[in-house]
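Just below is one structure, and these are the notes that go with it.
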Amino acid sequence: MNEHQDLQKSFLETVSFDSNGLVPAIVQDHESGKVLMMAWMNRESLEMTLKNRKACYWSRSRKKLWLKGESSGNMQDVHEILIDCDGDTLLLKVSQKGGACHVGYHSCFYRKAKSDLSLEICDTLMFNPEDVYGKKN
């Protein structure tokens, strides 16, 4: 086993997956520091991400691996993966191509609460979801 494989093994053994075999992953733009999204990873998706340096997650609703940008083309190139002190949350620093959010915004955190408790759009719309995913029935 070479040193790189040994480091990967050590990292994977450090991750504390929950009872469903998942760990939350916060995704951040590696240049600006802007938080783009939160997704879930299982061991297989994390291994794929480490190997290919393309963000791959676990879709809880579809119950399958989800290569980010597979349908939309809005891929995430992974620069770094950090792990928190408890080993139960990951931070992926990525280069985002297009929008990270499936509703078309650069970040999934595109709304903020105003003092009157109403919502305000605070991000850039990058694409029309109907153009990418088709119309919902």
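Quick reminder: no glycine exception, Cβ is built from N, Cα and C everywhere.
For reference, Swiss-Prot has these:
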BINDING   Asp84, Asp86, Asp88  Mg(2+) binding site
BINDING   Cys85, Cys101, Cys108  Zn(2+) binding site
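Report note: the Mg(2+) site is defined by Asp84, Asp86, Asp88, and the residues of the same chain whose CB lies within 8 Å of the CB centroid of those residues, excluding them, are Ser16, Ile83, Cys85, Gly87, Thr89.
In the structure as shown, the Cβ atom of Cys108 (Zn(2+) binding site) sits within 10 Å of 18 other Cβ atoms. Cβ environment of Asp86 (Mg(2+) binding site): Ser16 lie under 8 Å away, each six or more residues apart in the same chain. Around Cys85 (Zn(2+) binding site), a 10 Å sphere centred on its CB holds 6 further CB atoms from the protein chains shown.
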